[in-house]
Structure formats: structure tokens, C-alpha cells
Amino acid sequence: MNAEGRSRLDQMPEWIALGKHREQLGEVQLRDLFAQDPERAGRYTLQVGDLHLDYSKHLVTDETLLLLRELAAAAGVAGLRDAMFRGEKINTTERRAVLHTALRAPGSAVITTDGENVVPAVHAVLTKMGTFAERVRSGDWRGHTGERIKTVVNIGIGGSDLGPAMAYEALRAYTQRDMQFRFVSNVDGADLHEALRDLDPAETLFIIASKTFTTIETITNATSARDWLLTGLGAGDEAVAKHFVALSTNAEKVSEFGIDTTNMFEFWDWVGGRYSYDSAIGLSLMIAIGQERFREMLAGFHLVDEHFRCAPPEENAPLLLGLLGIWYGNFWDAQSHAVLPYSHYLAKFTAYLQQLDMESNGKSVDRDGRPVHWQTGPVVWGTPGTNGQHAYYQLLHQGTKMIPADLIGFARPVDDLRPGLVAQHDLLMANLFAQGQALAFGKTPDEVRAEGVAEELVPHKTFKGNRPTTTILAEELSPSVLGQLIALYEHKVFVQGAVWHIDSFDQWGVELGKVLAKRVEPALTDGAEVPGLDASTANLVTKYRELRGR
Ligand code: F6P
């Protein structure tokens with residue numbers, strides 16, 4: 001038993017039962033599972049809001065699903081979920097509440113942490129964002145020289161970049177097309193250079209997005225952007241107010257940087273960076289799509305929040321997806337999980353999920369600080385499916401690794417496609433359905449032979465199949481559907497962290513690199529002695545200086 005009265009996960013009877021069940025299933029075949037149960041495809045689907053989920057192509061039986069739900073119950077997933085929604089400090093290592101769900105709660109909700117109902121403040125910021133967004137969109141907000149803002153540049157990194165950048169791409173069809181939006185994250189000067197090279201400072205608005213306002217990459221880029229602006233305008237600091245706004249929890253640092261805190265949009269320490277794009281961090285997105293659409297997206301998030309909070313375990317989609325991941329990661333030795341959207345607009349979706357999932361569940365000690373004895377978060381990867389088909393799908397189909405995958409698609413293309421391009425949509429979706437089918441059912445040697453293939457090529461043209469996928473289908477990629485999708489994955493990640501008994505809301509693992517970079521930088525710049533530098537790194541630093549002619 002540990003401090004929370006929980007036995008070690010891998011010693012729980014429910015875990016052991018799953019292990020035995022896995023042994024019994026042996027080389028279970030999807031072909032057989034479908035043949036044995038003609039109702040399987042219908043029974044193994046869920047509808048959550050606009051999302052239709054087909055999980056029939058998984059290596060599971062009714063018994064597997066029951067045992068997985070029993071594991072979740074024994075691991076206390078529902079209790080931790082309720083504690084999260086109640087505003088308890090479930091991020092124990094940082095002693096923080098985890099309340100991203102409050103960011104999309106209706107104004108009438110009461111969600112309390114530290115004795116304060118946070119909902120009024122959330123809605124006050126949303127209103128402030130809405131007013132500002134409409135002023136920029138309408139041209140009422142002008143730059144220092146009186147020009148209309150034509151380009152918005154969001155400078156942030158990690159959760160202060162990936163969310164708005166992903167959602168902006170996803171909802172391109174809903175954006176104000178006479179404006180441009182750019183996202184700069186990398187401290188590599190090339191990122192800012194390419195973003196700014198064709199812009200007119202007089203028409204450019206910078207949004208500096210940083211929860212802490214201390215992140216070196218963001219502050220460095222923001223400082224360079226300010227220099228670019230003031231040089232370009234030939235103006236002094238008085239020009240900053242019309243061209244820089246900040247999204248942060250840290251008013252002091254914002255003001256130190258020189259941004260007037262009246263131009264700051266606030267959020268709170270109970271919003272994790274990777275859970276923040278529906279907070280003030282989404283300002284660039286709100287300017288792009290307008291406040292109405294942004295609120296539709298929040299409603300989509302909220303719909304899935306309520307589903308996760310209230311739906312019974314058998315119908316609870318985030319619970320199911322989380323448990324399926326545990327099934328493969330812990331009982332089938334799967335190391336990674338592919339997310340393959342059949343939508344060009346979701347090009348950045350998987351990159352966003354990488355932070356959500358891997359920064360949350362890439363942990364090897366449990367909530368009590370003890371080493372875990374089971375696999376935790378998977379490597380999450382993927383790109384839009386059709387492009388992936390001509391790159392890495394070979395390995396998915398015929399490689400030696402088991403890689404469960406999510407296939408995501410939409411019935412309708414966006415409204416403003418030309419008719420000729422609309423016609424391409426069936427082909428796009430035919431690919432999604434074909435891949436799910438091929439991954440699951442493959443092609444037997446006999447089927448290959450029946451096509452007249454020469455015997456020596458039969459092994460090469462055989463597909464074992466049995467590769468599990470979830471298919472997620474919705475009518476269209478609207479703001480609400482995007483919110484639903486993101487909330488689905490957020491809660492899936494939560495479920496897995498809860499079962500693995502890890503803190504999904506801290507990220508101590510990114511700290512060491514940051515500290516070391518600060519220590520090494522003077523060695524690169526001035527050749528300063530850095531105490532404690534290992535021999536390999538010291539050699540690399542010398543080589544670097546040599547190559548730079550220093
Ligand atoms: O990479 C670590 C991290 O702390 C992320 O969790 C966060 O999203 C990112 O850095 C950016 O942090 P900030 O918003 O404080 O600049």
C-alpha cells in the first residue's frame with residue numbers, strides 16, 4: 001500500500017488478471033473476432049457529441065474491456081477525475097489544482113480552488129479577449145503610426161505555441177482571410193527571421209505568450225522582435241503599447257519586459273502549459289476566428305468534459321481510449337502510438353498531442369516518488385495519413401513492431417473548397433477506410449496466391465494484419481469538433497496517468513536541459529571555463545568555437 005492507500009499497480013489482482021487474460025488470448029486474430037461476432041462492429045462503437053468512435057478493430061473481447069474497467073476502478077481513476085473537476089490539488093509535486101476544465105465551463109458554473117470560485121475570472125478574461133480580438137479584426141485597433149494590423153505574430157513555445165498554432169491550422173477555413181497569423185517558437189534566429197522578413201512593423205502585432213514569462217526562448221525572441229519593431233518604425237519605447245500584448249500568469253515579469261499590464265491577458269497557475277490553449281493563450285486563435293467561433297470551440301471542450309465526468313464506464317470514451325493504450329503498452333509491449341489524421345488541416349495535431357501526452361506521462365517515478373515497475377507514456381507520433389502512407393506505413397503494415405493507431409477523418413470537406421477539390425474528399429476518406437481495413441485484416445498467403453502471385457513473392461506480399469486502430473469520424477472539422485477532439489485526448493492522457501499512478505501535470509524532466517544550456521552558453525560565446533563539463537561536451541564546444549572562427 002502507498003500513501004493513498006493504493007497497492008502497487010502491478011501487484012493489484014486486476015492487473016494480474018489482465019496479464020493472465022493476455023496469455024489466454026495468445027495470438028488472437030481480428031479476423032476471428034469479427035467472424036465470431038457479427039454484431040461486433042456495431043457494438044464496439046461510441047458516439048460522443050459529434051464524434052463517432054469505432055473501436056471494433058482492437059485486439060479485445062468483452063472480457064478484456066471488463067477487466068480493463070475493473071483495473072481503472074481499482075486504480076481509483078474516477079476518484080482522481082472527480083478531485084480534478086472539484087479543484088483539488090492533484091498536481092502534488094507542484095501543489096497545484098488542475099482546472100483546465102474550468103476554462104470552458106459555462107458562466108453559471110461554480111468551481112472553487114483555494115476558497116475562490118474561478119469561473120467569474122475565466123469569463124472576465126474571455127470577455128476582455130473578445131473585445132480586443134474584435135478591435136483587431138475590425139481595424140479599430142491601430143498600430144503606433146495609425147496603420148491597421150494585418151499580421152499577428154504569436155511568440156511562445158511548448159504549450160504557449162503548439163496549441164494556438166495547431167488550432168489556427170485546424171480552423172483555417174474559419175479565419176479572417178485578409179489577416180496573416182504566424183507562430184514563432186524556436187530560439188534559432190531563423191524562425192523569427194523567416195516570420196518577419198516580409199512584414200511591415202507598422203502593421204504587425206506581437207502576442208508574447210508565456211505562462212511564466214521567464215522562458216528563455218520566448219523572452220529572447222520577444223526582445224529581438226521589439227528591436228525589429230522599434231528599429232523598423234524608427235520609434236522609441238512608446239510604440240510598444242500598440243504592438244505588443246502579453247498572455248501570462250506573471251504580471252510583474254510582463255511589466256519588467258515593458259508591456260503595459262492593461263495589455264496583458266491573464267491566466268492562472270492551475271492551467272498547465274500543455275492544457276492552456278483554451279485560456280488567454282488562445283488569443284491569436286480568437287483574433288483569427290473571432291470570439292463566437294472560439295466560444296463554440298470551448299463548448300465542444302465542455303461537452304466532452306461533461307461526458308468524461310458523467311458517462312458510465314462502459315460508454316466513457318476517454319476512459320476507453322486510455323485503457324486501450326494501457327492494454328497495448330503494458331500487456332502487448334507496444335512502445336508507440338500513431339495519430340494519423342486524414343485532414344490536411346490537422347497537420348499540426350500530432351505535434352500538439354506529443355506535448356500533451358509525452359510531457360504529461362513521460363514519467364518513471366510514481367506520485368509518491370518511487371520508481372514505477374511498468375511502462376508509462378508511449379511515444380506519440382504521426383502526420384496526416386495520406387502522406388504517411390507513402391512514407392512510414394510500410395512499417396505499420398509489415399514491420400515487426402506493434403503500433404496502435406488512431407485514424408481521424410471527416411465526412412465533409414470545409415465549405416470554401418472549390419467544387420473540383422470537394423470531389424477529392426471521397427478519395428481522401430477512401431484511403432482512411434482502406435488503411436483501417438488493411439491494418440486490421442491484412443492479406444493472407446492464400447489470398448495473395450489467388451491473385452496469381454509467384455510463390456517466391458508470396459511472403460513479401462502477405463500482410464499479417466491484426467494491427468489495431470481506433471477510427472474517429474465526425475461530420476466536419478468545426479471549432480466545436482476540434483474542442484471535442486482535444487478534450488477527448490486530454491482526458492485519455494489523464495486516465496492513463498491515473499492508472500499508472502504518476503503525476504501527469506508536472507514536467508520536471510525539461511528543467512535539467514534548460515539549466516545546462518544556461519551554463520554552457522558562456523563557453524560558446526566567450527570561451528569561458530565551465531566547471532564540470534564532461535569530456536565529450538567540452539570537445540564539442542571546442543569544435544563549435546573552431547568552426548565559428550573563435
Ligand atoms: O517545456 C517546458 C514548459 O514548461 C512547458 O510545459 C510549457 O508549455 C513551455 O515550457 C512554455 O512555458 P511558458 O509558457 O512558461 O513560457
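Cβ from N, Cα, C; glycine included.
According to TrEMBL, the protein carries these features:
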ACT_SITE  Glu359  active site, proton donor
ACT_SITE  His390  active site
ACT_SITE  Lys514  active site
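Positions of the features from TrEMBL, shown on the structure.
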{"residue": "Glu359", "record": "active site, proton donor", "CB count, 10 Å": "22"}
{"residue": "His390", "record": "active site", "CB count, 10 Å": "8"}
{"residue": "Lys514", "record": "active site", "CB count, 10 Å": "13"}
Rounded to a whole number of Å, the separation of the Cα atoms of Glu359 (active site, proton donor) and His390 (active site) comes to 29
Taking DSSP three-state, what's His390 (active site) in: helix, strand or coil? coil
Lys514 (active site) and His390 (active site), compared by Cα position, are separated in whole Å by 37
